[in-house]
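Novice: What follows is a single structure, and I will ask about it in a moment.
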């Protein structure tokens, strides 16, 4: 294997399965190759198996079947304390009986580094997370954001090539979370470690990651770059989970492999990109993002137009959300920038909504419970 | 007098005063037998009652002679030595066993947790006389009845439940992600135990150890069954002293025991306050 391949497959999950009770699988056939230095996020609702994957890589959980490799070698027979993987926990996991400096020195002392080197590295690590003056304090005397910065520094201080983060910002409030996202990103770019990040917060995943693996029900639904996930979701779960989406029920009329033609309940015909469109004649879902759906005006009308009844508008601040109802009962939302052009519509007024064909996605109907309002 | 709220009726005032008075009387009833032995142990006469001189606070009516008696008599010195030797050895064994048991029992993968816990705590619940009789027959078979080993093991068995309980309580707030963090940073399980788990549960371990020590220190029934003349402890010596010789040496010994117990109690309270501070701090 050439160096190029090894770097592209630095961390490999190969058909990994995990069951806690020998009956149901929490992780079903998970495969993922992670490039050296890449920032990969495992994103999914709680209970989707993403944290379990992280714990298996760290060595805290056994692998039921399949293989996990780091740098071309299987790690299943390596104890967690020999894997040399940094880890950041949701609740920091700082040792409360040690000062910040002692916490940072811990992994170095375990490795029996000389005292002078430990001291220097601790000093550098404190500087790295801008907590120079806090070395002598105890974790209990720090705020949540400071604690998480210490935890981050502690996971990096022994220079692991892989750093795992298990919802590290989950316990912080919104402003602090955004600041820490930036901080983590900065450290990742500065130090070049391979980061595997677990979160259920899609905004966090979108802003930080090189690639995102969307988990649901123990299966990776899609693994792609943030823009690809957002713009061309592989199926209706991803379309719904990442960002907001309007769902319109319809039936496939024709499909040329690129563009599908869909008939809606009232007989309107619209066109959309074929993503995973069911065969002709089957029911399907048409997904259009609220920012790609427009209120048709004289100067602005795309190739697809439907009519709907205006219900109400929700003032958000930088944007305004307009809610519409189609004749089959489905609700649609249009997001409009709050500038001078934001229209005022009378409630109940019939309105024409429009979107460009390449902004509409023809998708399968989600299995099981249908999140789309019944027609 | 205490301030009553202004809306109190005369009956509520009387009732509250009555409750307070009763509470003080109960406290007096509990403490009096313990407190009364302290002045009596300084009696200059070989009586168990207050002499007229003592009541008049005549300095000549008080003396330290019974304390000197303890130091002078071999049987008392042996009993004190035995009590500390057996107590300390039993405490060490109970602490090691109890701590490891509690740690094992709080792990989620441990099967039959409740059953094993109940089993471990049973020496506390089973009447001591039954435990003692059982130990006597069992230890006779093993040929360790009437030896230091026998008494130490018996007392270790009695002390272990206290350690299990206190360490279990200390572990109830323990964050196991600390263990994972430690392992993830390259520390082996034993290193993790001594550097991370132990410092955080230490208050629980120490108070458990103190309980175990006190249990051994004032235990008399098992000693009656298992100890030979060589292994007589302080309580055992007092027990025979009460019947064989009537003099206030026993009161002097009792006073010493009260002081030791009081000191242990204060230590425990201090540890509890400190661990609370560490948790919130």
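Along the chain as shown, the residues are counted starting at 1.
Placement of Cβ uses the backbone N, Cα and C atoms for every residue, glycine included.
Keep in mind that TrEMBL annotations are predicted by a computer and have not been checked by a curator.
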Novice: Per TrEMBL, which of B:48-70, B:117-139 is transmembrane segment?
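Specialist: My reading of TrEMBL: the transmembrane segment range is B:117-139.
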Novice: Would you say the transmembrane segment (B:248-271) and the transmembrane segment (B:84-105) are touching, if the rule is that at least three C-beta pairs must lie under 8 angstroms and be 6 or more residues apart?
Specialist: no
Novice: For the transmembrane segment (B:145-171), what are the same-chain contacts with Cβ under 8 Å, counting residues 6+ beyond its ends?
Specialist: 85-87, 89-91, 93-95, 97-99, 101-103, 105-106, 117, 120-124, 128, 131-132, 135-136, 139, 200-201, 203-205, 207-209, 211-213, 215-216, 219, 222-223, 225-228, 230-231, 233, 275
Novice: Looking only at residues six or more beyond either end of the transmembrane segment (B:248-271), which have a C-beta under 8 A from one in the stretch?
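Specialist: Residues 34, 37-38, 40-41, 43, 46-48, 66-67, 69-70, 73, 76, 203, 206-207, 210, 213-214, 217-218, 234, 237-238, 241-242.
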